[in-house]
Amino acid sequence: MSTHSMESQHQPLLDRSGPLNGFVDYRGRPVHRSSSGGWNAGLFLLGLEVAARFAYYGVSSNLITYLTGPLGMSIATAAAAANAWSGSGSMLPLVGASLADSWLGRYRAIALATVLSILGYGMLALSAVLPPLKPSECHSHSTNNSHCGPTSFQLAFFFISLYLIAIAQGFDKPCGLAFGADQFDQSDPQEYVSRSSFFNWWYFSMCTGITIAVVVASYIEDNIGWGLGFGMLSIIMIPAFIMFLLGTSTYRFHEMEKKTPFGRLGRSFVSLARTSLRVGTMRFKEEEENAENQHAKTQTVSKIEEARSILRLFPIWATSLVYGITFAQITTFFTKQSQNLDRRFTSSIIVPPAALQSSGTIAIIVFVPIYDRLIVPVMRIISKSPSGITMLQRVGTGIAVSLVTMVVAALVEMKRLKTAREYGLVDQPEATIPMSLWWVVPQFVLIGIADVFTVVGLQEFFYDQMPDSMRSLGLALFQSILGIGAFLSSILISCIDKITSSNVETWGRSTTGAGGARAPPTAVEFLESLFSLSEFFSVIGELKGGAEEQKKRNRSIK
């Protein structure tokens, strides 16, 4: 929790007409509450987020299809590559946040991320269109496939393009939301409540972009062309970037400390370590009494409390890793699981596998207003807390829902494989299993509802618990949960594929996911592994709620 947060709750009166403490405009001048920030500024950032998520998920939601299709990778290799990329995009925010909080500033970091994104999506489009960059097609009936597929240069160009987008995410993911939340002054009771609501509507906007992407972009990529699909993403980012720049005069900017967050953390941990090594409290007490002035004492105590508050985040971070593993399944195994189902929506419309992800984001779009406008007000009356329920109660609820999600996914997978056996389709990788696409919709809907609780709750929690000048880093720590979860998912995939492998082709080594004598154990054992982890960590997560609840009660705004 920041020092500013603790001090603000003791202010009996709030001067709403004077300049805001700690904020300036884009020219470094003092700003006033009435002419800056708030929802007027937040709407520009929400608009950019819709476009940014549309573009990012226009690639990530259908990436495994491109990797196993034009690039000819096996499922296990493609899933590992996709998870490594998404994991990098979730780990790089630790670097991007540090640069933003100490040097660039959040505004310039968002601008840089947008430029890199436009470049990355444009290069992806070129890799799918230009003959020197486009992989040659392989045909199953051809007798000579030795010269088909991508060359080393084509793969290198493709992955450079892909990782430019990951670098852009390293700046955008922590700074976009942090800069948006900065537009609300937490010392003001009205703006504090609005800030909590902003986290909900940020995720609503994000999922709006995702929903459009997984329906529109995946359809264009699968049915019209990958070049048009990737190129469209780059073009859409341009007007969104212009809109972001137009809002510059309305934004509030935090005054930067010009110190790296990691350096500040290091100094805080050194102060904590020094006090912890004392043989008692007397020596430290004497040093406090002999300090040069009151400011020096305050600085020492502040550093110690800052280090302790950050250390208290670690159990929450570790507990939430299992959710990162579950989250990684949306764009990999959940999508691949549906590829061989009967995906006919009508007699003439076949739903792309990636488009089924929209059922989860639609669930989020529907549930966020219900949560923000119905559940929260009711819970405020019951709990007497401005946020309705505590942040960690919200996270724990989402983890419990994700546990149910993995159980449902495992049962659906068992049904899918049983149906394939009954119709003799296990060894026919390109066959359509007579099982409707609606079987997999519940697991996407459940994970969407879980996201509203867990993802938004973790975002607000890690933002709230960090000092003002380190809040981009706090959101980067949240992103690392999803990043490490993706890497752990890759490890699980590799281990299970190795354990269940034999002389015949496994589900993970196939490029289609339907064939192979070892298909049933691979997918089901993977889901059962996630089930066991979810059950274990969800119990731990429930034990963490008490401490955070007390903190929120102490911070209640009267």
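Placed from the backbone N, Cα and C atoms, the Cβ positions cover glycine too.
Residues or ranges marked as transmembrane segment in TrEMBL: 63-86, 107-133, 153-171, 201-220, 226-246, 313-334, 354-371, 392-412, 437-461, 473-493.
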Leading stretch by Cβ pairs under 8 Å, where the reference is the transmembrane segment (473-493) and the options are 107-133, 153-171, 226-246, 313-334, 392-412: 313-334
Which of 226-246, 313-334, 354-371, 392-412 contacts the transmembrane segment (63-86) most, counting Cβ pairs under 8 Å: 313-334
Remote residues contacting the transmembrane segment (107-133) - C-beta distance under 8 A, at least 6 residues beyond either end: 26, 48, 52, 55-56, 59, 70, 96, 99-100, 154, 157-158, 160-162, 164-165, 167-172, 175-176, 179, 225-231, 233-234, 237-238, 240-241, 244-245, 248, 251, 253, 472
Outside the transmembrane segment (153-171), six or more residues from its ends: residues with CB under 8 Å to it: 56, 59, 71, 85, 88-90, 92-96, 99-100, 104, 109-110, 112-114, 116-117, 119-121, 123-124, 126-127, 132-135
The transmembrane segment (226-246) and the transmembrane segment (313-334) contact flag, 3+ Cβ pairs under 8 angstroms: no
Annotated stretches the transmembrane segment (392-412) and the transmembrane segment (313-334) touching (3 or more Cβ pairs under 8 Å): yes
